[in-house]
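*Asks:* Annotation source Swiss-Prot lists active site, proton acceptor at 19, citing sequence analysis. Residues or ranges marked as tRNA binding site in Swiss-Prot: 14, 65, 67, 113. Under the heading site 'Discriminates between blocked and unblocked aminoacyl-tRNA', Swiss-Prot lists 9. Swiss-Prot lists 92 with the feature site 'Stabilizes the basic form of H active site to accept a proton', giving sequence analysis as the kind of evidence.
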């Protein structure tokens, strides 16, 4: 894995919202790895390098708004010649309940504007996704307000569990052992 992207919106007013679950995950991974995400205007985001040489990878939290995430992702991919299939995009997922996370390659976009913009910039859906469940408000018209609100206390605890569970399989993802990562993540007892 050469690039790990955490989707979210920049700014304090969005920091605690459900839509930032992907960004939360990347911040936690950076902490776990002992690196600091730093602003990089060239890549329109907060970045950190992990590893060196052949094992070099990048963490990126775009600081564009969600709907323009592809600009940041494409800039870093072009500069470091990273292929889409070498990338993991971590994002909030309405179709999974809080407490559940799932890893997959390719697939639909589920109406997620951050994913849509990445696909528009890269011209492919062939990249890995780590989907962090945030639940669904029940009504389609309520989705925008729902994702831009902080989770309730009990939901926040479940989302935190999903982030912890998926961080436990990070070493498998990092070494390219995706099947083992999926097996472990998808069969863990999820709350």
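Along the chain as shown, the residues are counted starting at 1.
For all residues, glycine too, the Cβ spot is worked out from N, Cα and C.
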*Asks:* If you pair up every Cα among 14, 65, 67, 113, the residues annotated as binding tRNA, what's the maximum separation in angstrom, rounded to an integer?
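*Replies:* Looking at 14, 65, 67, 113 as a set, their Cα atoms extend up to 16 Å apart.
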*Asks:* Which residues, same chain and not among 14, 65, 67, 113, have a CB within 8 angstroms of the centroid of the CB atoms at the recorded tRNA site?
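*Replies:* Neighbours within 8 Å of the Cβ centroid, excluding 14, 65, 67, 113: 9, 19, 64, 66, 68, 69, 114.
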*Asks:* When the number of other CB atoms within 10 A of each residue's CB is tallied over all shown chains, which of the recorded positions 9, 67, 113 has the maximum?
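*Replies:* In terms of Cβ crowding, the pick is 9.
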*Asks:* Including all protein chains shown, what's the count of other C-beta atoms within 10 A of the C-beta of residue 19 (active site, proton acceptor)?
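*Replies:* Cβ-Cβ neighbours of residue 19 (active site, proton acceptor) within 10 Å number 23.
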*Asks:* Taking Cα atoms as reference points, which of the recorded positions 9, 19, 92 is nearest to residue 65 (tRNA binding site)?
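*Replies:* For residue 65 (tRNA binding site), the closest Cα among 9, 19, 92 is found at 9.
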*Asks:* If you measure residue 19 (active site, proton acceptor) to residue 113 (tRNA binding site) at Cα, how many Å is it?
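*Replies:* Given the Cα positions, residue 19 (active site, proton acceptor) is 11 Å from residue 113 (tRNA binding site).
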*Asks:* Quick check: in three-state DSSP terms, what is residue 92 (site 'Stabilizes the basic form of H active site to accept a proton')?
*Replies:* strand
*Asks:* Work out how many Å separate residue 67 (tRNA binding site) and residue 9 (site 'Discriminates between blocked and unblocked aminoacyl-tRNA') at their Cα atoms, rounded off.
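*Replies:* Checking the Cα atoms of residue 67 (tRNA binding site) and residue 9 (site 'Discriminates between blocked and unblocked aminoacyl-tRNA') gives a distance of 9 Å.
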*Asks:* Sort out the sequence-distant neighbours of residue 92 (site 'Stabilizes the basic form of H active site to accept a proton') for me: same chain, 6+ apart, CB within less than 8 Å of its CB, listed by position.
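*Replies:* 7, 18, 19, 20, 21, 22, 112, 131, 132, 134, 147 - these are the non-local Cβ neighbours of residue 92 (site 'Stabilizes the basic form of H active site to accept a proton'), listed in sequence order.
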*Asks:* Just to verify a number: CA distance, residue 9 (site 'Discriminates between blocked and unblocked aminoacyl-tRNA') to residue 113 (tRNA binding site), in angstrom, no decimals.
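*Replies:* The Cα atom of residue 9 (site 'Discriminates between blocked and unblocked aminoacyl-tRNA') is 12 Å away from the Cα atom of residue 113 (tRNA binding site).
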*Asks:* Given a separation of at least six residues and a C-beta threshold under 8 Å, show me what packs close to residue 14 (tRNA binding site) in the same chain.
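*Replies:* Listed in sequence order, they are 8, 20, 148.
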